């Protein structure tokens with residue numbers, strides 16, 4: 001049932017890489033004109049419809065998310081990103097081997113080679129490998145890095161992630177919940193429309209669990225009105241746990257990950273309010289780490305304002321969203337599947353429709369699966385594409401927007417005055433509100 005949902009989507013992953021530009025379904029006149037006329041930042045021959053050169057990307061931390069990100073990016077068509085360097089403490093030997101051979105993803109169907117002691121290649125594309133635990137010592141300025149994918153899980157606050165900016169990078173995307181109210185959080189499918197290039201140089205993609213939870217919570221709140229609720233994520237173990245009993249600041253995580261169900265904390269439910277502010281104080285939750293290496297499942301129970309609903313009503317709302325505004329982010333599964341069936345699922349969350357329940361007239365239980373590595377990494381790529389598509393060209397975005405809005409107004413005024421005199425192509429079906437809304 002999953003394959004039916006992985007079609008061409010606004011936020012598309014490896015199975016649907018034909019549309020990854022976050023283009024609106026209804027293009028305004030400005031969108032059409034500027035796409036053709038905004039100058040490129042390179043010296044190459046201009047190509048119709050191409051707006052800017054590819055942005056140079058560095059991956060800091062070549063672990064689970066870093067390598068998943070590179071695989072996801074490699075599978076995208078016409079990506080506006082160019083991964084040019086990874087920072088990995090293991091050097092080229094570890095970077096190339098672990099990228100090529102993965103216990104969860106299998107062998108990478110790309111030609112991965114070691115070029116020299118500081119370079120690997122992926123299908124002939126050279127990627128530099130550096131090794132430094134101090135972001136201030138990384139060669140971001142020298143390499144002209146535009147975006148750093150911060151995947152270590154260490155530099156998640158302003159001062160830490162800000163070291164990449166000091167080293168010469170222009171933007172940082174943290175692949176974890178950010179610490180500090182000064183770093184905005186974006187969840188693709190929920191609040192990515194709030195992003196603009198000028199807002200912040202450091203942004204967060206939230207956690208994998210928040211990316212699973214927020215899309216369907218948004219649907220429930222819009223359709224049913226969430227009063228309050230609790231969440232439990234049954235989560236695969238991660239590298240933050242111990243393989244065998246050993247010291248850890250969290251005494252439960254100190255216990256052997258492959259032998260135990262480990263209750264622990266998660267900020268995922270509370271973090272939903274960062275992208276859906278109206279839900280602040282309404283959700284909370286815990287995590288149960290279990291002896292599986294990948295794929296997790298969220299169990300949400302909420303009280304809702306709307307009365308007299310059925311499980312079918314709830315699932316119908318999810319199906320509508322999955323086929324509409326959340327296509328490529330949310331899916332609905334009607335088959336009796338288990339966790340392994342959701343490995344390499346591109347979407348952020350898949351509703352298990354048979355497990356949806358309604359108790360009384362206002363309590364709803366929803367279960368949703370997610371690949372906490374692959375699905376999350378697809379959203380990191382999507383967010384990086386969003387950043388790239390909002391990147392200013394050789395002239396500032398604001399200057400070009402003002403220029404072309406002025407140009408469009410002149411056309412409309414001349415059309416309305418019937419004084420075109422064949423100097424411009426006739427423009428129809430556009431009103432001034434179309435431009436004011438841009």
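One is the number of the first residue shown, and numbering goes on along the chain from there.
Positions of Cβ are set from backbone N, Cα and C atoms, glycine also.
Per Swiss-Prot, the features are:
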type    : residues                               : note
BINDING : 64, 65, 88, 133, 372                   : NADP(+) binding site
BINDING : 207, 208, 209, 238, 253, 266, 267, 289 : D-glyceraldehyde 3-phosphate binding site
SITE    : 235                                    : site 'Activates thiol group during catalysis'
TRANSIT : 1-53                                   : transit peptide
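Projection of Swiss-Prot feature records onto the structure.
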residue: 65; record: NADP(+) binding site; Cβ neighbours (10 Å): 25
residue: 88; record: NADP(+) binding site; Cβ neighbours (10 Å): 25
residue: 133; record: NADP(+) binding site; Cβ neighbours (10 Å): 10
residue: 207; record: D-glyceraldehyde 3-phosphate binding site; Cβ neighbours (10 Å): 21
residue: 208; record: D-glyceraldehyde 3-phosphate binding site; Cβ neighbours (10 Å): 28
residue: 235; record: site 'Activates thiol group during catalysis'; Cβ neighbours (10 Å): 23
residue: 253; record: D-glyceraldehyde 3-phosphate binding site; Cβ neighbours (10 Å): 20
residue: 266; record: D-glyceraldehyde 3-phosphate binding site; Cβ neighbours (10 Å): 22
residue: 289; record: D-glyceraldehyde 3-phosphate binding site; Cβ neighbours (10 Å): 24
residue: 372; record: NADP(+) binding site; Cβ neighbours (10 Å): 24
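A sphere of 10 angstroms centred on the C-beta of residue 64 (NADP(+) binding site) encloses 23 other C-beta atoms. Working note on the binding-site residues 209, 238: by count of other C-beta atoms within 10 Å of each C-beta, 209 ranks first. In this structure, residue 238 (D-glyceraldehyde 3-phosphate binding site) belongs to neither helix nor strand by DSSP; it is coil.
With respect to their backbone Cα atoms, residue 253 (D-glyceraldehyde 3-phosphate binding site) and residue 88 (NADP(+) binding site) stand 25 Å from each other. In the three-state DSSP scheme, residue 289 (D-glyceraldehyde 3-phosphate binding site) falls into the strand class. Considering only the recorded positions 64, 133, 235, residue 209 (D-glyceraldehyde 3-phosphate binding site) has 235 as its nearest partner by CA-CA distance. If you measure from the Cα atom of residue 372 (NADP(+) binding site) to that of residue 208 (D-glyceraldehyde 3-phosphate binding site), you get 5 Å. Candidates 65, 88, 133 (binding-site residues) were compared with residue 238 (D-glyceraldehyde 3-phosphate binding site); none lies inside 10 Å Cα-Cα. Residue 267 (D-glyceraldehyde 3-phosphate binding site) has a Cβ environment of 16 other Cβ atoms inside 10 Å. When the alpha carbons of residue 235 (site 'Activates thiol group during catalysis') and residue 266 (D-glyceraldehyde 3-phosphate binding site) are compared, the span between them is 10 angstrom. Overall, the recorded NADP(+)-binding residues 64, 65, 88, 133, 372 cover a maximum inter-Cα distance of 25 Å.
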